[in-house]
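Q: One structure, pasted below without further comment.
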Amino acid sequence: MKKFAVFASGNGSNFEAIVTRLKEENWDASVSLLVCDKPQAKVIERAETFHIPSFAFEPKSYENKAAFERAIIEQLRLHDVELIVLAGYMRLIGDTLLQAYGGKIINIHPSLLPAFPGIDAVGQAYRAGVKVAGITVHYVDEGMDTGPIIAQKAIEIDEHDTLETIEQRIHKLEHKWYPIVIKQLLGLNNRGEKA
Ligand code: GRF
């Protein structure tokens, strides 16, 4: 059984979409840990509902990023994690984690990278007046939303779209496609079994 961790900082709708799909399809895999840098975040409640252990920490209570990343690594090893899935984790991954899990960390970003990296990507795209928007799943490197692209999905924006409708459509796309990409990366077939 493949084990992976999800890192999130906020709402956790992607976290929930991933876990729900995994359960519905009975994947030969499990989310063995949620890592969260905001102990009050909604995603922690979601993890509790699914009985998924979480490691919630206050970055401020550590000396520096290397120190809290060492604490994260300890947890990841305890839980036998072989893939790290960032889903709204609002922090750059540092050298310590990259050295330990390089090439095994993926992220989802709500734009067609390399356009609109960083925060408020949907707002950036909306204000730029793009006619095509979308999502990107990519490997994580030391940059902000850089790293090799694994998959992208696009939607067309029409004149009736508002920032809100685009945000909703982007979220829907993420919830559909992130689980599919994760399943492939874990080497599972369409039904979620070992391929
Ligand atoms: C998503 O839009 C994701 O692309 C971005 O952060 C957002 C997280 O949303 N990296 P949620 O917490 O999963 O609802």
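These residue numbers are counts, starting from 1, taken along the chain as shown.
Backbone N, Cα and C define each Cβ position, glycine as well.
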Q: Can you find which of LYS60, LYS65 TrEMBL lists as binding (6R)-10-formyltetrahydrofolate at the same site as MET90, ARG91, LEU92, ILE93, ASN107?
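A: The one candidate that TrEMBL places in that (6R)-10-formyltetrahydrofolate site: LYS65.
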Q: Mean pLDDT over the domain 'Formyl transferase N-terminal' (2-182): what is the value?
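A: Mean pLDDT for the domain 'Formyl transferase N-terminal' (2-182): 97.
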Q: Pop the Cα-Cα gap between HIS109 (active site, proton donor) and MET90 ((6R)-10-formyltetrahydrofolate binding site) into the table, whole Å please.
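A: So the Cα of HIS109 (active site, proton donor) lies 11 Å away from that of MET90 ((6R)-10-formyltetrahydrofolate binding site).
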Q: What kind of secondary structure is LYS65 ((6R)-10-formyltetrahydrofolate binding site) part of, going by DSSP in three states?
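A: Reduced to three states, the DSSP call for LYS65 ((6R)-10-formyltetrahydrofolate binding site) is helix.
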